[in-house]
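To start, the structure under review is shown below, and the notes come after it.
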Amino acid sequence: MNISVAIDGPAAAGKSTIANIIAHRFNLVYINTGLMYRAVTLMCMRENINYTDVKGVCKIAKSLNIHFGGDKIIVNGENFTELIKYPKVSSNVSNYAAISELRKLLVDLQQKMASKCNVIMDGRDIGTVVLKNAPLKFFLTASASERAKRRCMELNGKNISAEYDKILDEIIKRDYIDSHRTTSPFIKSEDAIEIDSSNLSILDVVEVISGYIRKYIKEHNLENSR
Ligand code: DC
């Protein structure tokens, strides 16, 4: 029996940091689907393919060979992990992620990846579309101001300049586009457990999620299969 854990949440809610720790703790494969949308966006920007050119975007997406290694993403042999977190990519990615044809391609790929192993996957449509039947679904939120503060600290820590007001504005815009697009808009799955992390530390959230996973493992006698 496979374990699959879905984590959805808005930009900079701490999904990837938390999913990474949980993946190590429970020996799950971590798939960060936001990085896939970012990889397509970066490649399209390099090739001057605008998000209005749906055919061009899909051609690029099909040409990508995406590999995950922990929290790293390797695209056509190149390490994209840091490049795709740059503000230039962040401010464009929602427009590309709203293309339904692109979503179909990436969702198929994500479902294939998840079918082969025990996974923890994060994004915006994991509980509602990609892993609709996942037994463990979490919806991670935090106020926009708290998320902007965290994203600024993360970027500054990597010596990437980031102004709080600009980041806050970008996060609010991105939330809006993600939750108002026609195809699989970003919404909470009815059966997801909501965790507001505004006043919680990363480790507090990790403990809450771990508690649910441990309970599931125990109830389904999965200890020995792990
Ligand atoms: O999680 P993130 O900020 O790296 O995501 C980048 C963008 O990709 C974000 O604007 C929403 C979009 N996205 C999506 O539409 N569906 C997913 N499963 C993951 C991300």
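Glycine is no exception: its Cβ is also placed from the backbone N, Cα and C atoms.
Note: TrEMBL annotation is automatic and uncurated.
In three-state terms derived from DSSP, G9 (ATP binding site) belongs to neither a helical nor a strand segment and is classed as coil. Cβ environment of G9 (ATP binding site): K15, D122, R124, F139, L140, T141 lie under 8 Å away, each six or more residues apart in the same chain. The ATP binding site feature in TrEMBL is assigned to G9, P10, A11, A12, A13, G14, K15, S16, T17.
Summarising the annotation, TrEMBL assigns domain 'Cytidylate kinase' to 5-214.
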Please work out which residue of A11, A13 has the most C-beta neighbours within 10 angstroms of its C-beta, and give that one of the binding-site residues.
A13
If you check the binding-site residues G9, A11, A13 one by one, which have a CB less than 6 Å away from any atom of ligand 1?
A11
So what sits near T17 (ATP binding site) in its own chain, CB-to-CB under 8 Å and at least six residues off in sequence?
I202
Hey, for the ATP site built from G9, P10, A11, A12, A13, G14, K15, S16, T17, who else sits with CB inside 8 A of the CB center?
I18, D122, L140, A142, R147
Cβ atoms near K15 (ATP binding site) (within 10 Å, other residues, all chains):
26
